[in-house]
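Record features (Swiss-Prot):
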- CYS50-CYS124: disulfide bond (DISULFID)
- CYS164-CYS218: disulfide bond (DISULFID)
- CYS267-CYS341: disulfide bond (DISULFID)
- CYS381-CYS435: disulfide bond (DISULFID)
- 27-140: domain 'Ig-like V-type 1' (DOMAIN)
- 148-234: domain 'Ig-like V-type 2' (DOMAIN)
- 244-355: domain 'Ig-like V-type 3' (DOMAIN)
- 365-452: domain 'Ig-like V-type 4' (DOMAIN)
- ASN210: N-linked glycosylation site (CARBOHYD)
- ASN296: N-linked glycosylation site (CARBOHYD)
- ASN427: N-linked glycosylation site (CARBOHYD)
- ASN432: N-linked glycosylation site (CARBOHYD)
- 1-6: topological domain 'Cytoplasmic' (TOPO_DOM)
- 24-454: topological domain 'Extracellular' (TOPO_DOM)
Amino acid sequence: MVDCPRYSLSGVAASFLFVLLTIKHPDDFRVVGPNLPILAKVGEDALLTCQLLPKRTTAHMEVRWYRSDPDMPVIMYRDGAEVTGLPMEGYGGRAEWMEDSTEEGSVALKIRQVQPSDDGQYWCRFQEGDYWRETSVLLQVAALGSSPNIHVEGLGEGEVQLVCTSRGWFPEPEVHWEGIWGEKLMSFSENHVPGEDGLFYVEDTLMVRNDSVETISCFIYSHGLRETQEATIALSERLQTELASVSVIGHSQPSPVQVGENIELTCHLSPQTDAQNLEVRWLRSRYYPAVHVYANGTHVAGEQMVEYKGRTSLVTDAIHEGKLTLQIHNARTSDEGQYRCLFGKDGVYQEARVDVQVMAVGSTPRITREVLKDGGMQLRCTSDGWFPRPHVQWRDRDGKTMPSFSEAFQQGSQELFQVETLLLVTNGSMVNVTCSISLPLGQEKTARFPLSGW
């Protein structure tokens, strides 16, 4: 008989479990990326990297770079070859797989001609079979905008406004004003607007007294690039003479126009001054983009608002007298509101403001009736194609107002109002009920419904 050493069953089981826990799964790995964000300027290329640990070949793995959804990769490789037809929208032709050192598990994504929309987090995922690990890489996109331009607009009553403008920034920059001794000055208004390309246009306004002799500076700072653009203006050099020498006159009353017709905005210099060598800008709320810009004898198309492209023309017959008329063709409801007409030279402007009222007279009302179960009657008056929102009123045969049961207004794609109003009638002796729909400027359409024989 052979004697065997005594081992407890529980001890054997514990030892076996320990061995299992200390043996790594054959697919066990992790992924690491850069500790700091990757900074890239708009228009340049960005290189994002990640590393498989422990280091080993990725030849038989699936590797993908993606933003938020793994099923929509920026780029993906499987078994050493790119999987085509999958690039996320916006990255076609710009995302490139870089052969960094795939034998050691190092991969890289190059994004060409970086855009503002590329800013943000990316994920690098390695997958082998059903086992995967990933890490995130932060791409910070930045763009240094243009040198600021400070222009002066005269407001009268001892005050002027300084407007600091610049374009081409990303992300949104920080803007501040300083006086001659470096003291901070508070902005009157700030507008930082992203353009179609994702870059920010900056427009900050400062109010000052026009008898000031200070030098004032506008600073625009990029936190991402840690760089500043600045501009300085000495108020005493311009305001005493140029702003006081001329004023701009516009319409004193709002200009009403119907949808589809042409809007005419006329403004002129007083006293009469030849404006051929001046810059003239028609604006809405901001300096840029503009409704229409005239400079150096021609229209500056590159500064025009998208919604006005192809719809404006300039009448310059009296430009030698300082008079110009802007025509806005095919008026829309969105054209309603205030416009600013600026005449300027060398960054000094005077302005006038003109209000435009856009209206649309709708269809002739249509009245239909419905007999109710209780013996009463409900009249429904409908019409469409109105702007602005019209006033609706029911009147009896003597012209007295009758309270409506309900009123409903809906706006369609062109912002025109559709009207529906209900009237409950219980008095069978009532005849000649009128539905009236009118605009604030007095335009009115009516329909009459004779209530007889019921």
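Glycine too: its Cβ is placed from the backbone N, Cα and C atoms.
Where Swiss-Prot records a feature, it is marked here on the structure.
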| residue | record | DSSP class |
| --- | --- | --- |
| CYS50 | disulfide bond | strand |
| CYS124 | disulfide bond | strand |
| CYS164 | disulfide bond | strand |
| CYS218 | disulfide bond | strand |
| CYS267 | disulfide bond | strand |
| ASN296 | N-linked glycosylation site | coil |
| CYS341 | disulfide bond | strand |
| CYS381 | disulfide bond | strand |
| ASN432 | N-linked glycosylation site | coil |
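Non-local neighbourhood of CYS124 (disulfide bond): VAL31, GLY33, LEU48, CYS50, VAL63, ARG64, TRP65, VAL107, LEU109, GLU134, THR135, SER136, VAL137, each in the same chain, at least six residues away, with C-beta under 8 Å from its C-beta. In sequence order, VAL248, GLY250, LEU265, CYS267, VAL280, ARG281, TRP282, LEU326, GLU351, ALA352, ARG353, VAL354 are the residues of the chain that are 6 or more apart from CYS341 (disulfide bond) and have a CB within less than 8 Å of its CB. Helix, strand and coil residue tallies for the domain 'Ig-like V-type 1' (27-140), in that order: 6 helix, 60 strand, 48 coil [DSSP]. Just so you know, the Cβ of CYS267 (disulfide bond) picks up 24 other Cβ atoms within 10 Å once every protein chain is counted.
A distance of 14 Å separates the Cα atom of CYS381 (disulfide bond) from that of ASN432 (N-linked glycosylation site). A gap of 59 Å separates the Cα atoms of CYS435 (disulfide bond) and CYS218 (disulfide bond). Counting Cβ atoms from all protein chains shown, ASN432 (N-linked glycosylation site) has 13 others lying within 10 Å of its own Cβ. Non-local contacts of ASN296 (N-linked glycosylation site) by the CB criterion (under 8 A, 6+ apart in sequence, same chain) are absent. Rounded to a whole number, the distance between the Cα atoms of ASN432 (N-linked glycosylation site) and CYS164 (disulfide bond) is 63 Å. A simple way to gauge crowding: the CB of CYS218 (disulfide bond) has 26 other CB atoms within 10 angstroms, across all the protein chains here. Separating the Cα atoms of ASN432 (N-linked glycosylation site) and CYS218 (disulfide bond) is a whole-number distance of 68 Å.
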